[in-house]
Amino acid sequence: MENTRYELNKGLAKMLKGGVIMDVTSASQAKIAQEAGACAVMALERIPADIRAAGGVSRMSDPKLIKEIQEAVSIPVMAKCRIGHFVEAQVLEALEIDYIDESEVLSPADDIYHIDKTKFKVPFVCGARDLGEALRRIKEGASMIRTKGEPGTGDVVQAVRHMRKINSQIRKVSSLSKDELFEEAKVLGVSFELLSYVHKNKQLPVVNFAAGGIATPSDAALMMQLGAQGVFVGSGIFKSKNPKKRAEAIVQAVTNYTDAKLIAKLSYDLGEAMVGINEDEIKLIMEERGI
Amino acid sequence: MKIGVLAVQGAFIEHKNIIEKLGVKCVEIRQKKDFKDIDGLILPGGESTVQGKLLHKLDMFNLLKKEIENGLPTLATCAGLILLADKIENQKNNHLATLPVKVKRNAYGRQLGSFITKADVGHLNNFPQVFIRAPYITDVYSNVSVLSKVDEKIVAVKYKNQIGLSFHPEMTDDYRIHQKLLEMAG
């Protein structure tokens, strides 16, 4: 991938900052999401909670669905491909998707290698649980990172853990001396150049969003206060009783994430949130896919 | 002097960093109460549908419109340009409508159509222009002056106190357009 293209792709992620990216499974849901203030939508056949419930192999969405969603909205449209499935990614690029999520939510197609994302013009976002995973995905060409969290659970604990870990590792790396950086690059299994960037700039070289288990305005604001630059909301919206109202509330909570009075008002009478599954009740751990 | 940058969604930090590098105070405007003693305003890139909606939800729409109409120096980039435009192609609703131009959203297509080029912007020679899912201007009215064209399409205009750009000067290290805003505000 030429350098200019990578800059443009990192740039699109910057435009999404302070926003909410919502999972949608139909053109009508996409319109509701756009109307509620989503800064992008993720086109999916099934939201993570249903993927979890259905079991079996989950794959890239049908291009027909993706096209319908692209035609329904004017905001960027993202779609997921399986980890390592570079042909699904080629298909999504052919569909002119705005962002590909090489995602652990789908069944991995390759248990060793991720996609060489530098070969694509279209941008990629990837999940990460720690700084090592984040920098490895960036080295492979990802132009945006999100926490993995544990998708489809409505439980924010893993996203919190991943965001805290990444940021605490960034703080640690920032405080190292140069000779210690060589060793740290080896320990984390990451490129020295990318680690040096983190050391110097005290942040990732790309935008970092929170994802996985975010279900309420307070969850979203929590992730923002922990340092996320925006949030993905998957099952949390369309698995709740009043998707439009909840989506609007989450959008405003992300903009004003430190204003507790406003968040209180936004949380008022939202109807039932998605039911949720606790960490120790989960059978399928998606975050362990692709490290 | 104090510049305010609309910070409801999008790439506002990049603008703030530049204004601060130029030695001027810059505040993030997330709510009505943040909008105090501002000498200049920046409407950043992001998603115009989100920003437009939040202006209403957070009750800032009328205040912003009035201030811009009353002459507050304003620099708008990409989504910001769409917020200012009087007319938007294929769309009934406009937003602040203080800038008498017609814009076309996502005029270069999806992300694969994004590009970087260089062109003169008014008196500023060879300005780096970063276009990301960008709009361009298809028509101008009253006394709008065209500052820049790329492939015959209008990508920068000035009208009284407002500068509207299709591209992102905040994604480059060329601060001349931001300096222009500070001159207008000073």
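In case you wondered, yes, glycine gets a Cβ from its N, Cα and C as well.
Sequence annotations record features per position, and here TrEMBL assigns active site, nucleophile to B:C78. All protein chains included, B:C78 (active site, nucleophile) registers 30 other Cβ atoms within 10 Å of its own Cβ.
Here TrEMBL flags B:H168 (among others) as active site, charge relay system. For B:H168 (active site, charge relay system), the same-chain residues that are 6 or more apart in sequence and have a Cβ closer than 8 Å to its Cβ are B:A11, B:E14, B:G45, B:T77, B:C78, B:Q129, B:V130, B:F131, B:I132.
Taken from TrEMBL, the feature active site, charge relay system applies to B:E170 (among others). B:E170 (active site, charge relay system) falls within a helix when secondary structure is assigned with DSSP.
According to TrEMBL, the L-glutamine binding site annotation covers B:G46, B:E47, B:S48, B:R105, B:I132, B:R133. The 10 Å shell around the Cβ of B:R105 (L-glutamine binding site) contains 21 further Cβ atoms across the protein chains shown.
For B:E170 (active site, charge relay system), the nearest of the binding-site residues by C-alpha distance turns out to be B:G46; the candidates were B:G46, B:S48, B:R133. Taking a C-beta cut-off of under 8 Å and a sequence gap of six or more, B:E47 (L-glutamine binding site) has these contacts in its own chain: B:Q9, B:G10, B:A79.
Contact with chain A, taken as any Cβ pair under 8 Å, is found for the recorded positions B:G46 out of B:G46, B:S48, B:E170.
A simple way to gauge crowding: the CB of B:E170 (active site, charge relay system) has 29 other CB atoms within 10 angstroms, across all the protein chains here. Around the Cβ of B:R133 (L-glutamine binding site), 26 further Cβ atoms fall within 10 Å across all displayed protein chains. In sequence order, B:Q9, B:G10, B:A11, B:F12, B:C78, B:A79 are the residues of the chain that are 6 or more apart from B:G46 (L-glutamine binding site) and have a CB within less than 8 Å of its CB.
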